[in-house]
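Features of the protein shown, as given by TrEMBL:
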DOMAIN    25-291  domain 'Tr-type G'
BINDING   Asp102, Thr103, Pro104, Gly105, His106  GTP binding site
Amino acid sequence: MTTTNAALRPDETGPASADVAAEAARRRTFAVISHPDAGKSTLTEALALHARVIGQAGAVHGKAGRRGTVSDWMDMEKARGISITSAALQFSYRDTVVNLLDTPGHADFSEDTYRVLTAVDAAVMLIDAAKGLEAQTMKLFAVCRHRGIPVVTVVNKWDRPGKDALELMDEVAERTGLTPTPLTWPVGIAGDFRGVLDRRDGSYHRYTRTAGGATVAPEEVLSPAAAAAREPDAWAQAREEVELLDATAGGHDQELFLSGVTTPVLFASAVSNFGVGALLDVLVDLAPAPAGRPDTDGVARPVGAPFSAFVFKVQSGMDAAHRDRLAYIRICSGVFERGMVVTHGPTGRPFATKYAQHVFGRERESIDVAYPGDVVGLVNASALRVGDTLFAGRPVTFPPLTTFAPEHFAVVRSLETAKHKQFRRGIEQLESEGVVQVLRSDRRGEQAPVFAVVGPMQFEVAAHRMEHEFSAPVHLEPLPYTLAMRTDEASVAGITASSGTEVMQRSDGELLALFTTKWVMGVVRNGKPGLTLEPLVAAQLG
Ligand code: G4P
């Protein structure tokens, strides 16, 4: 889709609009993404620590053995030590307001991660120095390319033995198709991290370790001559490698970065807080500020236009103390003021924003004013569904968020028949949050809908919530299907004539043909070439 920028209408220009544009210009909204265990939670803490949001690293994410737990809200998460929820952390750094959107760590919740990526302007891709590019890293790079999100790559865990830095750059270039343009280069091999050579001015940033990485690591900036005197061997090797880089790979080019051709690279150790300040500086200096979001016609509503936003996540039952439903919106244009009444796009009904909060883990704070790029949690937003548009003034509709092709299916049955009301309400809720897709058919009936998911752990979350949040314990009976394709009414009989198939209707009205295997689908398709069988967007995205 080509995007054109709509002009502001005469009644939309003026000082207020200019103020909003200025606020938008000083915002950076991004997410840290990675294969699980590359250090996402640790880096989030380190970024917050660096921006002085928290006193000591360890207060944001609680894994076993770390201090306090803020983001783990479900017993299951605690038991597994994974973070399923997503929220946003906002902090000031230099003159900028930084919005860091959290993404779930486990690959089974990749659909949630993809939704978060619809709400960011840039992504920070973490790579484990010892492991290089892993399965989820590759998928996430593909999603960023698909969505046109510029990526800053951070090679993490340089304090531990790992791959050779030049080798890692080759791996990125060959496997992602992005040209890496390192901004910093490590001084000291992986496992002996002393500091970085800043390729932009040749200086040496020498890091000093603090106890347990709990506080910001002191940083000393030295001239090349001083660096050579301080670290003769490590500095000489870094210089040599950088000369090689200069000869082969280009330096940073802002346009190529923004258009997704190159990825600036930094080297870091999140656990020791090395390279964290450099990352924040890069985000402030190079990551794009919020720009107008294209509507369904491909026309971008300028950031200075009246308020508009879309829901990228809905969540409820975050903890016992706040049993409510939160819809997270990303503001696209205009100013948000708590209490304002906006229009809910899909229904055209007014929506009062009386309760609006910043939410990060269990920390909640009322929010009064927010600007493009900011994330607001709207409380008790039972009418809002993932993908919905909200606006003030002239209407706008943003394109719906992609739903991914489910790969696992299970019939869900209530274990207590008297609780059919709770059962129905729970299913409706989980579906509107995007926790699962819900399929139905006349054959199976209203009592036996089918949950369809990308990753099987979504089943566990759904079953857990049905029981604990909606008091409707359920039994899930796995179905043998692995593949779903979009079809139409006219094709149903032709598809279901073969065994290993079934057609069901998703709640959005889409008819999905389910197949036990790709092979079965191939047989059906080849046997009756006139059938409608279209692929849904695969979670792998290329
Ligand atoms: P994730 O959110 O991406 O899944 O990763 P997380 O931050 O939880 O980090 C995974 C493991 O890697 C943690 O160890 C963490 O301490 C470690 N780690 C993160 N960054 C670095 C780094 O820069 N250097 C080194 N050496 N380790 C790092 P863990 O043993 O699983 O947990 P914990 O007991 O240390 O909390």
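Glycine is no exception: its Cβ is also placed from the backbone N, Cα and C atoms.
Since the structure is predicted, the reported quantities are computational estimates derived from the model, not experimental observations.
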Where Asp102 (GTP binding site) sits in the secondary structure, as DSSP reduces it to three classes: coil
All-chain count of other Cβ atoms within 10 Å of Thr103 (GTP binding site): 23
Averaged pLDDT score, the domain 'Tr-type G' (25-291): 84
Asp102 (GTP binding site): tally of other CB atoms within 10 A of its CB: 24
